[in-house]
Amino acid sequence: MGAVGVSDPAGDSELSYGKSGFKGLVAEPYLFFLACFASIGGVLFGYDQGVISGVLVMSDFAKQFPTLSTDDTLQGWMVSVLTLGAMFGALANGPIADAFSRRWSILLANVIFQIGSIIQAASINIPMIFIGRFIAGLAIGQLSMVVPLYISELAPPNLRGGLTALQQLGITVGIMVAFWLNYGTQYIGGTGDGQSPAAWRFPLALQCLFSLVLGVGTFYLPYSPRWLMMKDREEEALSTLSRIRRVPQNDHRVQTEILEIKASALFDRETIAATYPGITSPVRLSFESYKSLFVLPHLNRRLVIACLLQLIQQFTGINAIIYYAPQIFENIGLTGSSVNLLATGVVGIINFFSTIPAILFLDYFGRKSLLLVGAVGMGVCQFIVGTIYAVYKDSWGSHTDAGWATAVFIWMYISCFAFSIGCVNWIIPSEIFPPGVRAQAVGIAIGVNWLSNFIVALITPRMLNSIEFGTFYFFLGIYPFSPPLLSLYPIYLSKQT
Ligand code: BGC
């Protein structure tokens with residue numbers, strides 16, 4: 001019901017718009033451009049997540065906010081207040097994206113993001129930093145749920161996985177740019193006492209520019225045809241679909257697709273009318289849709305999968321590396337002339353390049369196979385990292401090769417994350433729900449992702465300090481079970497989705 005048409009990687013079916021993978025993407029430049037453009041939302045996400053760790057260690061930042069630079073707990077809260085904001089943003093954006101469209105909710109998120117970023121870049125006291133990060137977080141949360149939803153509603157089945165995975169590629173670009181930019185701007189005015197405030201204010205301000213581009217661009221983005229149909233704007237839905245598919249309105253594939261979209265919209269409407277007779281208030285109906293996600297078994301099972309997937313993604317421990325890589329690399333003996341920072345930079349680069357195979361192959365191999373391969377790869381790498389860590393924990397200084405071997409397995413772990421659950425978790429929620437509850441359900445699922453992100457960010461530094469190598473075993477104990485667990489629901493994770 002959620003997904004349209006047939007998935008046919010080879011593109012042979014009569015109803016298919018073409019091939020999957022690279023050839024399919026090249027054949028659809030307009031759609032590819034739209035998805036890349038919307039994925040600037042992912043860039044903002046990654047950038048905002050990545051920029052803060054570099055800013056925190058800058059000497060001028062420490063001079064301006066001495067309490068922050070010495071108080072670990074306060075620092076932890078400053079990093080994670082963004083994720084809390086994002087959780088609320090993701091949850092709130094479901095009804096917003098339904099009421100005002102996916103497109104205008106992207107615009108609203110960018111307006112909010114501008115406010116949050118300006119406050120952060122102009123901060124002269126700690127509350128301003130916290131408030132700025134919380135507000136920017138609200139916007140990041142909104143974008144993180146609506147961008148994959150929007151792309152997946154625009155995409156034809158043969159390209160849906162690859163195009164939606166562009167959001168993840170955007171995230172990795174953001175993390176990478178933030179890291180290398182910080183690495184460069186720390187030299188403005190010198191790294192010591194004379195460091196200029198621009199060293200940290202500039203990276204915080206620059207994100208406004210990306211967001212401005214995305215915000216202005218929303219005036220040129222098409223509406224989602226599925227949303228138009230939900231709002232009874234059938235003619236517009238048809239003309240938008242034929243424009244996006246670049247075929248005439250009477251093309252049999254467009255005709256079939258629009259019929260399918262209409263059928264699911266009607267089915268939804270009639271189910272609601274039959275389930276809640278007499279209720280017309282939009283607020284009440286929205287409340288009932290939320291309720292149905294928890295009480296109707298077929299929706300509830302999908303919600304469980306979508307949320308579980310988010311929880312598992314975060315409990316792979318990915319952000320233990322993304323947030324604390326410099327510290328981890330320093331712990332394993334990669335010290336001296338910024339070696340740890342360079343090793344962290346490599347994390348960003350590997351993360352980016354390893355996302356590309358997912359974009360190319362997700363629609364060939366299916367979501368479940370990539371989840372499985374990635375989980376096995378991550379499991380093996382983390383086991384090796386934890387074990388080398390346990391053996392050499394007191395003698396890294398005299399075993400530099402063990403330190404480098406650990407770094408290599410950390411990079412391989414990142415790579416396995418990037419092509420598997422790093423992408424799949426954004427795709428599945430957007431494609432398994434019927435239209436009437438889709439936005440709300442995706443909002444809840446992505447809210448769970450942010451809540452789990454918040455918890456991991458909070459517990460990791462403590463674990464690294466107390467149980468050290470046990471941190472890797474802890475995460476290892478959770479996610480390798482995820483694909484088998486999720487495959488309990490084969491219908492939804494079949495190759496077609
Ligand atoms: C996760 C983020 C993570 C990023 C790393 C995303 O899919 O949701 O929490 O930092 O991947 O690339």
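Placed from the backbone N, Cα and C atoms, the Cβ positions cover glycine too.
Predicted automatically and left uncurated, TrEMBL annotations should be read as such.
Marked as domain 'Major facilitator superfamily (MFS) profile' by TrEMBL: 34-495.
TrEMBL lists 29-47 (among others) with the feature transmembrane segment.
Residues or ranges marked as transmembrane segment in TrEMBL: 74-92 (among others).
The transmembrane segment annotation in TrEMBL covers 104-124 (among others).
A Cβ distance under 8 Å defines the sequence-distant neighbours of the transmembrane segment (130-151), meaning residues of its chain 6+ beyond its ends; these are 34-35, 38-39, 41-42, 44-45, 48-49, 52, 77-78, 81-94, 96-97, 102-103, 105-106, 108-110, 112-113, 115-121, 123, 163-164, 166-167, 170, 207, 211, 224, 426-427, 429-430, 438-439, 442-443, 445-447, 449-450. Taken from TrEMBL, the feature transmembrane segment covers 130-151 (among others).
Annotation source TrEMBL lists transmembrane segment at 163-182 (among others).
Proximity of distant same-chain residues to the transmembrane segment (202-223), defined by a Cβ-Cβ separation under 8 Å and at least 6 residues beyond the stretch ends, is recorded for 34, 37-38, 40-41, 43-44, 47-48, 51, 54-55, 101-104, 106-107, 110-111, 113-114, 117-118, 120-121, 136, 139, 154, 178, 181-182, 185, 188, 236, 240, 243-244. What TrEMBL lists as transmembrane segment is 202-223 (among others).
With a threshold of 8 Å between CB atoms, the same-chain residues lying at least 6 positions outside the transmembrane segment (303-325) that come near it are 49-50, 53, 79, 175, 293-294, 340, 343-344, 347, 351, 378, 382, 410, 413-414, 417, 421-422, 424-425, 428-429, 432-433, 441-442, 444-446, 448-449, 452-453, 455-457, 460-461, 463-464, 471-472, 474-475, 478-479, 482, 485-486, 489, 492-493. The transmembrane segment annotation in TrEMBL covers 303-325 (among others).
Per TrEMBL, the feature transmembrane segment maps to 337-362 (among others). Outside the transmembrane segment (337-362), and at least 6 residues removed from its termini, the chain residues within Cβ reach (under 8 Å) are 21-22, 25, 50, 161-163, 165-166, 168-169, 172-173, 175-176, 179-180, 183, 321-322, 325-327, 329-330, 370, 407, 410-411, 414-420, 422-424, 427.
Marked as transmembrane segment by TrEMBL: 369-392 (among others).
Outside the transmembrane segment (404-428) by six or more residues, the chain places 144, 148, 152, 160-161, 164-165, 167-168, 172, 305-306, 309-310, 312-313, 316, 318, 321, 325, 328-329, 332, 334, 343, 346-347, 350-352, 354-355, 357-359, 362, 367, 370-371, 373-375, 377-378, 381-382, 384-385, 388-389, 449, 479, 482, 492-493, 497 with a CB less than 8 A from a CB of the stretch. TrEMBL lists 404-428 (among others) with the feature transmembrane segment.
Positions annotated as transmembrane segment by TrEMBL: 440-460 (among others).
Summarising the annotation, TrEMBL assigns transmembrane segment to 472-492 (among others).
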In contact by Cβ distance (the transmembrane segment (163-182), the transmembrane segment (74-92); 3 or more pairs under 8 Å): no
Taken over the domain 'Major facilitator superfamily (MFS) profile' (34-495), the model's mean pLDDT: 90
Selection from 29-47, 104-124, 440-460, the stretch that has most Cβ pairs under 8 A to the transmembrane segment (163-182): 29-47
